[in-house]
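One structure below.
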């Protein structure tokens, strides 16, 4: 009876009760806006951050990496709507993301539709898919629900890998090799290395949209019911509300948001590859949310951005000289980003259950104790 | 007729592989409520330890008695890893199931990456006795011996496990714990010892599946456990969590369905039918074929 219990995040101390620390205190509500503006003007900067990025901030490579990070920040925030805010442990979120990626790619490349139609169809299809599969999967709860969503996502992976053929000719999804996006029908502003900056802004817009939607939903009466479901599902039932319907709404919404993320991701990387359907992608979403702090507004976003950044940069770090010169038993594991991230994740589950966002509340007593000396 | 026999026996061979993985998963889930994503890691450890032992361990080899020694070493390694994981990582999080699942998720990511770092991402040829490459004639069909070996091994493991669960005191504690853990604790029995035992059994069965799966597929690779694990999950859900017998029925159903549909339909359709079967079972009988009601 215990496995649907999710630890509630620690009670927040209302802002007005904490003493105003500085004159910046009044600016806190505007910080997200400031961050958004800074993120929006990053492409105009030519600052070089050696060690953090390969080239200057406005180089296409760096911008693409940042765009991928932003998309995954948004994905993690959408996944948190399920895991952190409703307490549903879904292992099939990759399916809806992949529906966006492959839906757009197949509709543009194989069916020759214009991008806006393809994107619209993909998002609608992904949302309907989430509603249908959610309707079946939500008949189970807890761990069984996790297994069922995992199985559904596996079907997606099989369909993509087997490369089913429609009629004669080439397969639909390109199988193991993936399907590069046919750019000839795309708007010119989204094609080519020089236009990477537009894709970056697109990714930023997606992240903003997801954060806005998740914020509005969790603040609404529906959001309060979802939080209630996370804390005690039976009580919601006793209050006369139908848990099944509310969970289905959250599942469908999160699925739709993930599909939209897939559309953006497909444009950024210029195609689809089968790894987006793998269960590992869902597992890494879970890692992002837990590392960032489930059920918080910014934790999952930060977790997603940081995870993707580390996943990309640790590969370069692992092949750098500093690591190569270590003895083999250290350098081999360190060259595997997943080993490092998996270990960090396990440590985080033990020592920082609230994720990154709880670091502040954990460090404050320590700092005040140090300052008193 | 011979096609039918061949398909049935290969289906049963796959079912045997699923059963070896699923029996441990099912017991661990039934008793401790832990969905163990690290089970694929135990399988990988068993496979790689067998592969390593066949070349490096004195007395072990790829043929005859040496191969038995190598497999025994692999099973021992899998069991040790499983016990260590339970003692070091799972036990401190007692009764915090979501955290336990998260830890096994992290472990599956890190463990597979570690295997990959040590032995590379590519598949390695697995040492197998020469007789497993041959075929045996059964009712006019030429059945690969490796598949028959899997069926025999799974049958022996299933029989041993059921005998253990039904005729020993520890088995009684495990069965009682699956039914009602609080009551067993209230009677003054330390259920956590049973957790370790169940992890050890599950790890041993998974490691055996890894070693024999290596013989069956002819290669060993770090990601092998992951794809088997998903079907093992499906088998566990269809069979009913916590029931070994239910898992056995479900494994046979899944293995046969997969083989027959893959042969008579398009390749890959069988895997999808298996998930369809899962959906049907969930809609008609959410607690699985033979399980306790899988609520919460």
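First residue shown is number 1, and so on along the chain.
Keep in mind that glycine also has a Cβ here, set from the backbone N, Cα and C atoms.
Taking TrEMBL as the reference, the stretch among A:65-82, A:155-172 described by the feature transmembrane segment is residues A:65-82. Within the set A:6-29, A:30-53, the record from TrEMBL flags A:30-53 under the feature transmembrane segment. TrEMBL assigns the feature transmembrane segment to one of the listed ranges (A:180-198, A:199-217), namely A:199-217. Counting same-chain residues at least six beyond the ends of the transmembrane segment (A:248-273), those with a Cβ under 8 angstroms from any Cβ of the stretch are 64, 67-68, 71, 74-75, 78-79, 81-82, 85-86, 88, 90, 93, 96-105, 119, 122-123, 125-127, 129-131, 134-135, 137-138, 173-174, 177-181, 183, 186, 190, 199, 202-203, 206, 209-210, 213-214, 217, 222, 226. Of the two recorded stretches, the transmembrane segment (A:199-217) lies close to the transmembrane segment (A:65-82), with three or more CB pairs under 8 Å once pairs fewer than 6 apart in sequence are set aside. Within the chain, the transmembrane segment (A:65-82) has long-range Cβ neighbours (under 8 A, six or more residues past its boundaries) at 39, 42, 53, 88-90, 93, 97, 196, 199-200, 202-204, 206-207, 209-211, 214, 217-218, 226, 250-251, 253-254, 257-258, 261, 264-265, 268-269, 285-286, 288-289, 292, 294-295, 299-305, 307-309, 312. Residues 90, 92, 95-96, 99-100, 103-104, 107, 113, 145, 148-149, 152, 244, 247-248, 251-252, 254-256, 258-260, 262-263 of the same chain lie 6+ residues outside the transmembrane segment (A:119-138) yet bring a C-beta within less than 8 angstroms of a C-beta in it.
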